[in-house]
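Engineer: Sharing the record's features from TrEMBL:
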type	residues	note
DOMAIN	B:20-551	domain 'Cytochrome oxidase subunit I profile'
TRANSMEM	B:43-65	transmembrane segment
TRANSMEM	B:126-148	transmembrane segment
TRANSMEM	B:172-195	transmembrane segment
TRANSMEM	B:207-231	transmembrane segment
TRANSMEM	B:270-289	transmembrane segment
TRANSMEM	B:296-317	transmembrane segment
TRANSMEM	B:403-423	transmembrane segment
TRANSMEM	B:612-634	transmembrane segment
TRANSMEM	B:703-724	transmembrane segment
TRANSMEM	B:736-757	transmembrane segment
TRANSMEM	B:769-796	transmembrane segment
TRANSMEM	B:817-839	transmembrane segment
Amino acid sequence: MRLLPKEVESLWTLFTGPTIWAVHFLVCYVAVAIYCEKARTGPFTFAEMRLALVLVTLLALAGIVLSAWLAWRQWGFGSGDPPHDAPTREDRLLFQGFATLLLSGLSFVAVLFVAVPLVLIEACQP
Amino acid sequence: MTEVVAFQDLSADEREAQERKLREIWRTPCGWRYWTSVNNTQIGLWYGAAAFIFMLFAGVLALLVRVQLAVPENGFLSADLFNQAFTLHGTVMMFLFAVPIFEAVAIFLLPSMLGARELPFPRLSAFGFWSFALGGVFVCGSIFFNAAPNSGWFMYPPLATDKEYSGIGADIWLLGLSFIEVASIAAAVELIVGIMKCRAPGMRVNIMPLFAWYLLIVAGMILFAFPPLIAGDILFEMQRMFNWPFFDAERGGDPLLWQHLFWIFGHPEVYIIFLPAIAIMAMIVPTFAQRPIVGYSWIVLAAVGTGFLSFGLWVHHMFATGLPQISLAFFSAASEAVAIPTGVQIFVFIATLLAGRVIFSVPMLFGTGGLAVFVIGGLTGVMVALVPFDWQAHDTYFVVAHLHYVLIGGMLFPVVAGIYYYYPLINARKLSDRLGKIAFWIMFAGFNVAFFPMHLVGLRGMPRRVFTYPADIGWDWFNLVSTVGAFVFAAGVVVVVIDVLRPKHRQPKEQINPWNAGTLEWISEPEENWGVRSIPIITSRYPIWDQPDLLEDINAGRYYLPDAQDGARETLVTSVLDARPIQCLRVGGTSILTMVAAFSLGGVFIALTFHWWIVTIFCAVLTLAAIVAWLWTATAEIPRAEFRDIGLGKKLPLYNSGPRSVGWWGMFITMAGDGTAYASLMFGYFFYWTIHEDFTAGHAGPGVAWPLLAAGLFTLAWLAMLLARRVNASDRPGMTRAALLLSAALTLAGCLAGIAGPHRSGMDPTAHVYPAIVWVVAIWTVAHGAIGIVMQAYCLARSLAGRMSARHDMDMHNVVLYWHFLVITAVTSFGVVGLFPAVR
């Protein structure tokens, strides 16, 4: 069994990083929204929820790193420089790899941005 | 791919015969029938012209607003007319200018930019245009009857649900704009399929024009941004028309749900407006820097990144509503993050200009001037994205200044740049350099004089949307200066209008590609309607620069599809990643059906506004008939021959079904949008659950049995559809028809069971929001079931008419695809309304 997936040729791999960002964002927002309306009196505390969301964040970051690694591999581990504008399948793959790698970077930073409130804010309405 | 192409040269006679035939097939009709044209050049032009006229109208409204505010205690407009004027100004600028102008530019430019003859669904573009034009006239016209919407362009309840205050204006807004949203989604479907599947052979994703990348992302955003507003419109209109209390706090509703749904649409919309304008810049900058763009991949990063992040910003319009501060902080963080990709694209442009030899032309003037203005708006955006600052500036003129800097700098200036740049494609002549420069400096100066003081008066506490103010609180001079600036700005716009409209027949015609641009749209000849003379093989991002003799070879008809031997409008379908040719697609030609469908659908919305129920039903039936006639006569046609020789020794199939066909993609994309609207309704259901201790408030639910029975029947109906597709694939028409009938009967039963739940428990939707939301979910699902039955009947009729077989099964594949979405909808709807109250 292989640990990492085989190389996929599809337009959709481009969106992996941003999709992980979107899911992470939604999980954080929905969890907090429901907690602050409903679970104030519930079985777990804000600190516990915060911890859970930090774990979700780490998971999301790990997913983005994985997608970045796959993109790096598709980009030939940086063997060629952009612009990747030759009319060949190879250059198309290199372009996809590079663009995916860039998007993974942006998504990583964006997930970190969204995670900052989890570190700094200790209650629904501090 | 550097396969050697063996051109075959034709004699001059043969070539002329081909051209005559092509010209005949793609001819624009004359007389009144001109308006039945569906060709992308006409539709694009009408679309753009209509959007521009709406813009001028909304601009006049803005001037009225500015006159009223010029001096304190002014009586130029009454408070109510002032409210109508600013509401209509915002509404028209956003819905009738900013979004449609990009659809116009895209429909006009994309086919030639991609080297296609046409986009895949030309009649859909025409339908979209007529819907937009009719809806726009309806909404704009209301102010002449003193009946325009007057609660601000985002229509917050409870103000906008108050019938005494808002009169019929709110209905005009809701129904008129829902109608226009249909047009936007139609355009999104057209553009996504066009960009993914209709690029010229060889135009792989790494060499596709950046404009196409941007438009692909924008069309995807429309698909996820507009449906929440449609869902919101449905809830809103149900409250106004039938008193279902979705936003009425007394009966369990909540005005905040509207704010959520509106801004889930409204914030991405800002980027839906901004990205196409920046896409025009991405075409202009390389031309005038005389070199390829620096950092193509970085632009793709920026477009995709902005597209995604823009969906995580909507609550920053709601910072002052009392949501938990940690929630606000998430949105604040995402609002800061979106500055990264936005900045990247501006740096890419600067780098390209630094690396090239810049020609400072009028389009560059408008483009760079616009970006400078936009950067200021972006920086104030970063300021208001911070919660504490926003609490100070919220609903003041600071926000008015910010949004105008963003929209006018990020959209209006680049669009004017685009008008100056692309005008030769419309008229074979350039606009005047001199007038262009004059217009730019007047507009640029006027804009800053008008809007910069608004930052300051906003910080001095002037709230937006007040119709007048007292003299002694330090706002008067700022407002007077703003008004003067607004008129100066308007004078600049008038210069542009004069330049566009002035007769130019004495001016000599320019050669093709007067700016010496590198991208493919510049091969198109303004006199010809066929898009491209022959469809080229593309091997570069800037084919006109890099592919020698390209223009000559195209115009000599040496590439694909140089003729129209079967007398049909044709274009090529290619694969998504590498643009390998896979099909020769016949597209719809001139037809009045699209107009009939658009006008009758418009009739439905307009009649609903005035509660003319019989007219509504009549128009709805007419719409259905027009759409069925349109589908029956012009889609999934069975070609006489299976293959078509497209030239250069290549033969392609004329008929594809399933994921290989463009129709399947159209259905998939439409249903993705439909699914988003549905998800927004379900969001509403759970929203009410979160805000209440007991969201049923003691009201009876639909029970468990009926909903689960409905879910089961829909599942069986879906299985019967799978069976129908299977037996059809083995060419057993009798069995296929039986399976279709069985599925239709099961669907009907499922619909009845779905209604029976809330009906038999006597749920009264006017009593409380819980029964109301259950009813809405059930009705949405059942309505989709009814559409499913129509589709099954259509397949049955196709089969009986001998138009559907194992080989020609496009209709069947598309309907089964619809059913995949329908079964997910039905199981979710009935599962949730049946089980959730018990398990929560």
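Here the Cβ of each residue, glycine as well, is placed from N, Cα and C on the backbone.
Remember, TrEMBL labels are computer predictions, not curated facts.
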Engineer: State the non-local partners of the transmembrane segment (B:126-148) in its own chain: residues 6+ outside its ends, Cβ under 8 Å from one of its Cβ atoms.
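Structural biologist: Non-local partners: 37-38, 43, 46-47, 50, 54, 57, 61, 80-81, 84-85, 87-88, 91-92, 95-96, 100, 103, 167-169, 172-173, 176-177, 179-180, 182-184, 186-187, 190, 591, 594-595, 597-599, 601-602, 605-606.
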Engineer: Quick one: do the transmembrane segment (B:403-423) and the transmembrane segment (B:270-289) reach 3+ CB pairs under 8 Å, ignoring pairs fewer than 6 apart in sequence?
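Structural biologist: Counting Cβ pairs under 8 Å, at least 3, so yes.
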Engineer: Among the recorded stretches B:172-195, B:207-231, B:769-796, which has the greatest number of Cβ pairs closer than 8 Å to the transmembrane segment (B:703-724)?
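Structural biologist: Stretch with maximum Cβ contacts: B:769-796.
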Engineer: Mind checking which residues of the chain, 6+ beyond the ends of the transmembrane segment (B:817-839), have their Cβ under 8 Å from one of its Cβ atoms?
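Structural biologist: Counting only partners 6 or more residues beyond its ends, the transmembrane segment (B:817-839) has Cβ contacts under 8 Å with 664, 667-668, 671, 674-675, 678, 682, 685, 689, 696, 701-708, 710-711, 714-715, 717-718, 721, 750, 754, 757-758, 774, 777-778, 780-781, 784-785, 787-788, 791.
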Engineer: Using Cβ atoms only, state whether the transmembrane segment (B:769-796) and the transmembrane segment (B:296-317) have three or more pairs under 8 Å that are 6 or more apart in sequence.
Structural biologist: no
Engineer: Could you pull out which residues elsewhere in the chain have a CB under 8 Å from any CB of the transmembrane segment (B:296-317), counting only those six or more residues past its ends?
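Structural biologist: Contacts with the transmembrane segment (B:296-317): 206, 210, 213-214, 217-218, 220-221, 224-225, 259-260, 263-264, 266-268, 270-271, 275, 279, 282, 323, 327-328, 330-332, 334-335, 337-338, 340-342, 344-345, 348, 384-385, 390, 541.
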Engineer: Residues sitting near the transmembrane segment (B:736-757): Cβ under 8 Å, six or more positions beyond its termini, same chain?
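Structural biologist: Residues 702-703, 706-707, 709-714, 716-718, 720-721, 723-724, 727-728, 778, 781-782, 785-786, 788-789, 792-793, 795-796, 799-800, 804, 812, 826, 829-830, 833-834 contact the transmembrane segment (B:736-757) from elsewhere in the chain.
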